[in-house]
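Step one of this worksheet: look at the structure below.
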């Protein structure tokens, strides 16, 4: 506490009426990455004591919802749910609160109770942030944004890849308000993907036409995939390289027989 009293952001939070110095982290994240826009609906997971809720309400002016295992003291214009984000009952309450279309932004500044054993604490942080990501996938609108605090360590890169599998743009960012000795970092995912496929998925497809850029264009579950360096009439095994909100790019892994030799012309099948 003595260290906090000497802390610039601690004093600023007191002066400006914020419940936590962490409020300034969200302000700085938003100044840099513009994750919350005016009118956005925002859900904050692990929201107690409510510092991020206060800032989210100021930035958005729209629907703001806080979720935590603990009770959150009332904030004007903010709704709260006391519940576990891993529970289906909590997910249903969130969706009822924000609407069936989902939230524009999901935030999570939560951290596990620290034990002092760094390996254990890092693992608990990854477990918590994975729960936040899974919750976000259930409640975000297409093209929505996600911000989550993560403790750095040997599992961080794997977690970052999970976020990249679900968002078009992903950054790791450390706001100035984070203490210099802290291992925390914020992962920011923008434009949530609702495509029926993900990076690394493999399919066998027939190339029936080329797009305007000269790449092969195929439909997989109604989703357009552009395939590089193919010709009309080829049957190829592809691997998804990048996914955007409305289309994806794929590379050829193997060239198979000509499409006209296949009885399933124009079809695609998931490759194991």
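Even glycines carry a Cβ here, placed using N, Cα and C.
Sequence annotations record features per position, and here Swiss-Prot assigns active site, proton acceptor to 149 based on sequence analysis. The S-adenosyl-L-methionine binding site annotation in Swiss-Prot covers 50, 52, 68, 84, 109. Here Swiss-Prot flags 196-254 as domain 'TRAM', drawing on sequence analysis.
Everything Swiss-Prot records as a feature, shown here on the structure.
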residue	record	contacts (Cβ under 8 Å, 6+ apart)
50	S-adenosyl-L-methionine binding site	19, 20, 66, 72, 73, 75, 78
52	S-adenosyl-L-methionine binding site	20, 22, 23, 26, 44, 107, 109
68	S-adenosyl-L-methionine binding site	45, 46, 47, 48, 80, 81, 82, 110
84	S-adenosyl-L-methionine binding site	69, 90
149	active site, proton acceptor	108, 109, 110, 111, 129, 184, 185, 186
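As a whole number, the greatest separation of Cα atoms within the S-adenosyl-L-methionine-binding residue list 50, 52, 68, 84, 109 is 18 Å.
Residues belonging to the domain 'TRAM' (196-254) score a mean pLDDT of 91 in the model. With a 10 A radius on its CB, residue 109 (S-adenosyl-L-methionine binding site) counts 22 other CB atoms from all the protein chains. Under the three-state DSSP scheme, residue 52 (S-adenosyl-L-methionine binding site) falls in the helix class. Annotation note: residue 68 (S-adenosyl-L-methionine binding site) sits in a strand segment as assigned by DSSP.
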